Amino acid sequence: MVDMAFVGRVGAYAVAAVGVATQPLWLTFGLAGALGVGIIAVVSRLAGARDDEGVERAASTASWLGLGLALLLGAGLYFGAPWIVKVMGAPPDVYPHGVIYLQVLVPGLIGHYWFSAMSAALRAVGETRIPMLLALVANAVNVVLDWLLIFGNLGFPALGLAGAALASSVARFTEAAGLLVVLLVRSGPVALRWRTLWRFSPDLSARIVRVAVPSAVERSASTLSLVVFAILINRLGTVAIATQQIAYVVEDLIWLVAFGLGTSCATLIGQSLGAQDPERARLAMLEGLRVGAAFTLTVAASFLLMPGVYMRIFTTDAQVIALGTMALRVAAAADIPMGLVLILSGGLQGAGDTRAAAVITLVGSWGVRLTLAYLMIDVLGWGLYGAWTAAACDWALRLALFWNRFARGRWKEMAV
């Protein structure tokens with residue numbers, strides 16, 4: 001979101017380049033997030049059972065798992081960038097910019113993937129302030145460096161799109177470095193102490209991975225469907241790509257809050273089940289849904305009533321603003337169920353019920369979204385309107401299925 005506010009002033013080609021470069025990153029974020037699901041499920045159970053020594057061992061194990069995944073994903077992204085951007089269907093005027101943007105972004109992404117794993121461990125014991133504050137610092141660094149490096153202010157080189165990528169990379173690496181320092185000096189079970197820094201528990205690793213694998217399947221399936229979804233949209237041209245990317249950024253207003261509520265529900269549910277109190281876990285989910293519903297309804301209403309205001313924050317291109325105004329109005333219908341799905345999914349996965357989430361996501365993303373998107377874009381010729389209509393149908397179905405899974409209550413009996 002930070003980059004887009006600046007990149008939108010460079011031109012539609014720059015926004016499109018960010019889009020084709022970052023859309024494949026959804027897959028890597030999904031894998032890192034799946035690892036986080038496993039970490040939250042295991043660490044929160046240990047915390048609920050008052051097993052501080054187990055939490056400490058799980059934290060050091062999570063650090064090594066996060067680092068290994070970060071290095072693997074980073075290498076794949078850097079060396080595969082030319083192929084990735086090509087597969088995404090980047091137009092000729094966008095392709096070289098997309099490759100450069102992705103490769104410059106990689107070092108910071110490596111730090112971010114590790115940060116994601118260790119933030120999950122902290123959230124599992126109820127410590128949300130540290131990740132939030134570090135994220136705020138990283139965003140502040142990003143804003144300052146964007147202003148300096150994109151446009152060449154205060155004597156800095158005007159690097160354009162590459163400057164945006166460098167700003168994001170430095171900001172994400174700063175975020176990870178800050179968390180490392182905090183974990184090395186803080187007290188409490190989730191910390192990295194020099195005497196235990198090298199500890200790795202195969203048993204806890206297996207427990208984390210056992211929960212994470214179904215979540216990884218779910219997130220990979222969802223992300224790959226989004227990549228295919230993006231490819232269908234990318235064939236509509238540079239303006240459509242730029243519009244879609246900005247619409248996604250605006251939609252993050254709901255996604256980020258709903259994801260945070262889902263993570264909070266996952267922590268509270270895991271701790272409650274660890275303390276043998278399933279009723280408290282159920283009430284935590286219902287409270288998360290109540291807060292989430294109020295928030296998503298409010299923000300979705302603003303998308304419906306003033307979409308042009310949101311679009312003008314990120315671009316001055318008249319074509320993109322016009323198309324985005326339509327897209328955000330359709331998104332208003334999709335984002336209400338989306339927000340509730342993220343909360344339900346997060347809570348159920350915190351209980352260890354990751355297989356059901358994987359099945360529901362496969363049905364919604366591949367069975368509904370892609371099928372309808374192909375029909376509405378390629379057969380009916382509805383363009384971006386058809387794409388967002390398909391997304392709304394997907395989220396509505398997932399909401400019904402996730403609610404049914406929650407209401408049946410089998411998640412209360414999951415072992416992790």
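Each Cβ is built from the backbone N, Cα and C atoms, and glycine gets one as well.
Here the structure is a predicted model, which means the values were calculated and not measured.
According to TrEMBL:
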- 25-43: transmembrane segment (TRANSMEM)
- 64-85: transmembrane segment (TRANSMEM)
- 100-121: transmembrane segment (TRANSMEM)
- 133-152: transmembrane segment (TRANSMEM)
- 158-185: transmembrane segment (TRANSMEM)
- 224-247: transmembrane segment (TRANSMEM)
- 253-270: transmembrane segment (TRANSMEM)
- 291-314: transmembrane segment (TRANSMEM)
- 320-344: transmembrane segment (TRANSMEM)
- 356-377: transmembrane segment (TRANSMEM)
- 383-403: transmembrane segment (TRANSMEM)
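For the transmembrane segment (224-247), the residues of the chain that approach it from at least six positions outside its boundaries are 4, 8, 12-13, 15-16, 18-20, 22-24, 26-27, 87-91, 93-94, 311, 314-315, 317, 319-320, 323-324, 327-328, 331, 365-366, 369-370, 373-374, 377-378, 383-384, 387-388, 390-391, judged by C-beta separation under 8 angstroms. Between the transmembrane segment (100-121) and the transmembrane segment (383-403) there are fewer than 3 Cβ pairs closer than 8 Å, counting only pairs 6 or more residues apart in sequence, which means the two stretches are not in contact.
With Cβ pairs under 8 Å as the measure, the transmembrane segment (253-270) is packed most heavily against 25-43, out of 25-43, 133-152, 158-185, 356-377.
For the transmembrane segment (320-344), the residues of the chain that approach it from at least six positions outside its boundaries are 12, 15, 239-240, 242-244, 246-247, 250-251, 254-255, 257-259, 261-262, 265, 285, 288-289, 292-293, 295-297, 299-301, 303-304, 307-308, 310-312, 384-385, 388-389, 391-392, 394-396, 398-399, 402-403, 405-406, judged by C-beta separation under 8 angstroms. Highest Cβ pair count under 8 Å relative to the transmembrane segment (64-85), across stretches 25-43, 356-377, 383-403: 25-43. Below 8 angstroms of C-beta separation, residues 214-215, 217-219, 221-222, 225-226, 228-229, 232-233, 236, 345, 348-349, 383, 385-387, 389-391, 393-395, 397-398, 401-402, 405, 411 of the same chain, each at least six residues beyond the ends of the transmembrane segment (356-377), sit close to that stretch.
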